[in-house]
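Report on the structure given below.
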Amino acid sequence: MGPPSAPPCRLHVPWKEVLLTASLLTFWNPPTTAKLTIESTPFNVAEGKEVLLLAHNLPQNRIGYSWYKGERVDGNSLIVGYVIGTQQATPGPAYSGRETIYPNASLLIQNVTQNDTGFYTLQVIKSDLVNEEATGQFHVYPELPKPSISSNNSNPVEDKDAVAFTCEPEVQNTTYLWWVNGQSLPVSPRLQLSNGNMTLTLLSVKRNDAGSYECEIQNPASANRSDPVTLNVLYGPDVPTISPSKANYRPGENLNLSCHAASNPPAQYSWFINGTFQQSTQELFIPNITVNNSGSYMCQAHNSATGLNRTTVTMITVSGSAPVLSAVATVGITIGVLARVALI
């Protein structure tokens, strides 16, 4: 190792700022009897990242430092030693090539692994040979992968099917969370979590359960969320409605009826008059009706996915006489006819 008189170029800017702050605090603070302490930044670190062990309240008469892996000073656990006077760092048996010691006694460990989890001890060597020691620690968690969701049924039928979502992969010491349409999971007796929250089960699905589902995995050092999975709930048809609700007509009017039923996928419609099939359309149009068009008009809605049919019936009565032309209209027609005769 070369002399760590200045942070190496590979050091990220945040560590430079932290080290500078620590150095200034050490320089400006007057001698105190405060106890030597170690701060880990961060305390929880993701695998592959880096962690900085900061020393606080260094004694004034220090002449060197030694860092050890573990909670006690042991030659076999020595990571690196540093002599202030010569600014020389000497690696020990526990040195892995990922550690960098700084003049303010801070230790940077890069590309951490889960094996790095644990305690680290700093020994400050003083000119009076009354050395001081302090121990710090940090925890390394795995860098979480992007999870994915599998489902046993992405097109369930309302009030008939149950759906089980599973968030994968399984990772130890990890929290599993679920999101529905971008919101946290609602409280419902039909929603059940199991297998450490990895599995979300929807019992007897409802149409309101349709939407986007995501799972998120978390540990104290990182988090990751899956791509959304869409749940398409098949339902209906509900009992259809016929509009307009008008029931009484006069001869010569036009009859225009429309049928609608809530359904997923959209319903297919059929019309029956007095029990006789007429046509398969959502609208029924009969121009210039007569009294013979009176009767029962039934609309049938069919869902090809659920296999269900729903019907509704309206009674249409055609009575009275055809609309009579007004006197003004009659005079207008007469004048028009006479004018055509005169031209001939």
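Cβ atoms here come from the backbone N, Cα and C positions, even for glycine.
Of the listed cysteines (Cys215, Cys259), only Cys215 is recorded by Swiss-Prot as the disulfide partner of Cys167. Reduced to three states, the DSSP call for Cys259 (disulfide bond) is strand. For Cys259 (disulfide bond), the same-chain residues 6+ apart in sequence whose C-beta sits under 8 angstroms from its C-beta are Pro240, Thr241, Ile242, Tyr269, Trp271, Gln282, Glu283, Leu284, Cys299, Ala301, Thr312.
Each of the recorded positions Cys167, Cys215, Cys299, Gly320 was scored by the other Cβ atoms within 10 Å of its Cβ; the lowest score goes to Gly320.
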